[in-house]
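Visitor: Before I ask anything, here is the structure I am working with.
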Amino acid sequence: MLFLCGVPLFFMESSMGQFGGTGCITMFRMSPLFKGAGFAIVIVNIICTMYYNVIIAYPLMFLVMSLRNTLPWEDCDNPWNTYGCLKLGGEVFTKKNTTDQIQLIENTKTPADEFFHNHILKISDSIDDIGGIVWPLFVCNLISWIIVFLCICNGVKTVGKVVYFTATFPFIILFVLFIRGVTLPGAMDGILFYIMPKWDELLNLKVWADAAIQIFFSLGPGWGGIVNMASYNPFQNNNRLDSILVPILNCGTSIFAGFVVFSVLGFMAYKTGLPVSTVATGGPGLAFVTYPEAITMLPFPQFWAVLFFFMLYLLGMDSCFVQIEAIISSVTDAYPDLRKRKHMVTLVSLVLLFLGSIVFVTNGGMYILQMFDWYAASISVISICLVEVIVVGWTYGCENFVRDVEFMIGEKLHWWWPLCWKYITPIILSFIFVTTIMFNTRLTYNGIAYPEWAVALGWCSCLISMLCIPGYAICYLTFSKGSLKEKIEYGINPTKEWGPQKKENREAWEKFVKNTRRLSDRSLVNSVKVTKC
């Protein structure tokens with residue numbers, strides 16, 4: 001999936017951004033009929049940024065709580081604990097019957113579980129009960145938004161300086177946690193559980209779809225961040241090498257992080273006498289319940305807790321920077337007059353996003369967060385990527401795109417790239433799109449199923465972005481001048497604004513295009529003015 005889908009998409013998006021020098025809306029000057037995909041990217045980022053910043057607030061709260069003499073999720077004698085709280089590694093776990101232990105775990109809650117749900121989230125019984133604002137979480141959310149503003153208020157230059165720290169320091173922490181983890185008793189059991197393949201799962205289509213979705217979340221194609229950040233590159237930067245190295249390093253880091261996590265989970269299994277498969281959980285429970293629980297079993301747990309949650313916070317901030325910058329740059333690219341007031345645009349945008357995020361810091365906020373995360377992101381991002389490869393491979397023309405990239409980097413491209421952009425990647429994306437919808441199961445959180453109205457609202461959050469694509473196309477064809485055939489022809493051909501932004505690069509490119517004569521009968525620019533939709 002990485003080399004058939006992830007890397008080709010990364011190279012394609014970085015080339016679109018670097019060549020056109022624009023954000024995720026204006027990059028569709030190459031085929032304006034599909035400009036709705038740019039608006040879809042912005043909407044997805046708006047929805048996800050609101051709840052993602054709340055997720056960042058969780059490790060901030062944990063970080064503050066980790067500074068105490070005793071970690072507050074270490075035992076069951078706190079005000080938020082219930083009679084069902086059970087400390088792992090206690091006397092009950094000296095029994096030899098593993099089945100009884102597992103049944104006991106299923107019927108009780110660990111101190112870390114109750115700390116996260118009862119104290120951090122103060123979670124309600126279901127999404128039907130939104131409740132009031134959880135004020136400590138509200139304050140942490142506000143602090144996170146303020147930090148984000150201070151880091152991005154001066155644009156990508158400020159972000160670049162901040163990222164030197166936020167992107168590199170987590171690697172140091174990760175390495176320290178790795179050394180600590182692999183030296184613990186039972187660590188090898190966790191690592192073996194992590195690396196041992198389950199061959200029968202390879203026949204499960206949902207596993208492949210989930211793997212592909214993970215690539216979208218880790219690499220970022222379809223989110224606009226790659227396009228936006230690449231637009232700041234020097235025009236002749238060799239982004240092909242970047243587009244190979246970055247995904248490989250990203251994937252390698254994810255694998256390495258797995259060793260860090262599962263070595264500690266193996267230690268936790270050793271201490272409790274439970275199988276690794278029982279102590280290992282997915283979703284937010286791994287970062288905010290299982291791993292914190294394992295940390296309490298380490299010597300000097302406060303130190304390791306501070307390192308772990310500080311790392312999570314920095315990694316979350318990195319992702320948030322890119323998403324918000326993609327939103328703001330798209331707005332200023334679409335309305336160039338606003339560039340002079342980018343500070344104000346940034347401030348207003350973040351205030352609105354903060355106000356939208358308040359619903360996620362209520363008692364029922366986690367239910368709403370999981371609902372949007374389940375529906376609003378994955379399917380929409382896949383459909384956006386599918387539109388992008390169709391535009392590059394078929395409407396703008398893969399031959400033309402390859403020509404542009406070769407002109408930009410000054411090197412010939414291997415035949416593998418156009419093969420992926422035109423055939424392999426679109427087929428895989430179509431498979432992922434269909435499979436994701438087919439195997440979409442009923443959403444639950446903490447064992448609680450979502451009601452019908454919440455499921456419907458979740459699908460609406462997905463459709464609100466996806467419908468931008470056909471909606472804009474219909475609007476374009478309705479309000480543009482000319483016959484339907486002319487409208488379609490104008491819509492799939494590049495506008496006169498498409499191309500390098502700097503005058504000297506554009507002149508050289510136009511000369512290069514003329515000399516190569518690869519456009520055949522297609523016009524380089526639309527000779528007839530079309531009313532903007």
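Note: Cβ is positioned from N, Cα and C throughout, glycine not excepted.
Just so it is clear, the model here is predicted, and its values are computed rather than measured.
As listed in TrEMBL for this protein:
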- 1-17: signal peptide (SIGNAL)
- 33-58: transmembrane segment (TRANSMEM)
- C76-C85: disulfide bond (DISULFID)
- 133-157: transmembrane segment (TRANSMEM)
- 169-195: transmembrane segment (TRANSMEM)
- 207-224: transmembrane segment (TRANSMEM)
- S218, N250, L315, D318, S319: Na(+) binding site (BINDING)
- 244-267: transmembrane segment (TRANSMEM)
- 303-324: transmembrane segment (TRANSMEM)
- 345-368: transmembrane segment (TRANSMEM)
- 374-398: transmembrane segment (TRANSMEM)
- 419-441: transmembrane segment (TRANSMEM)
- 453-479: transmembrane segment (TRANSMEM)
Visitor: Can you work out whether the transmembrane segment (133-157) touches the transmembrane segment (453-479), with the criterion being 3+ CB pairs under 8 Å where the paired residues are 6 or more apart along the chain?
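Guide: No, the stretches stay apart by this measure.
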Visitor: Other residues near the Na(+) site, CB within 8 A of the CB centroid of S218, N250, L315, D318, S319?
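Guide: Filtered neighbour residues, in order: G220.
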Visitor: Could you check whether the transmembrane segment (419-441) and the transmembrane segment (33-58) come into contact, where contact means at least 3 Cβ pairs under 8 Å with the two residues of each pair 6 or more apart in sequence?
Guide: no
Visitor: Any residues 6+ beyond the ends of the transmembrane segment (453-479) with a Cβ under 8 Å from its own?
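Guide: Same-chain contacts beyond the ends: 32-37, 39-40, 43-44, 47, 127, 367, 371-372, 374-376, 379-380, 383-384, 387, 442-443, 487-488, 491, 531, 533.
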Visitor: Counting every protein chain present, what is the number of Cβ atoms, excluding its own, within 10 Å of the Cβ of C85 (disulfide bond)?
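Guide: Here the count is 19.
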Visitor: So, do the transmembrane segment (33-58) and the transmembrane segment (303-324) meet, by the test of 3 or more Cβ pairs under 8 Å (sequence gap 6 or more)?
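Guide: The answer is yes, given that the two segments have at least 3 Cβ pairs within the 8 Å cut-off.
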Visitor: Tell me, by DSSP, whether C76 (disulfide bond) is helix, strand or coil?
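Guide: It is coil.
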Visitor: Which bits of the chain, at least 6 residues beyond where the transmembrane segment (169-195) starts or stops, bring a Cβ under 8 A of a Cβ in it?
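Guide: For the transmembrane segment (169-195), the nonlocal Cβ contacts are 253, 256-271, 276-277, 280, 298, 304, 307-308, 310-311, 314-315.
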Visitor: List the same-chain residues at least 6 positions away in sequence whose Cβ sits under 8 Å from the Cβ of S218 (Na(+) binding site), in sequence order, or say none.
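Guide: For S218 (Na(+) binding site), the qualifying residues are N250, C251, S254.
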Visitor: Including all protein chains displayed, how many Cβ atoms other than that of S319 (Na(+) binding site) lie within 10 Å of its Cβ?
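Guide: By my count, 21.
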Visitor: So of all those binding-site residues, L315, D318, S319, which one's Cα sits nearest to C85 (disulfide bond)?
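Guide: Comparing Cα positions, the candidate nearest C85 (disulfide bond) turns out to be L315.
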Visitor: Roughly how many Å separate the Cα of S319 (Na(+) binding site) from that of C76 (disulfide bond), to the nearest whole number?
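Guide: Each residue's Cα considered, S319 (Na(+) binding site) and C76 (disulfide bond) end up 35 Å apart.
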Visitor: Please report the number of other Cβ atoms within 10 Å of the Cβ of N250 (Na(+) binding site).
Guide: 17
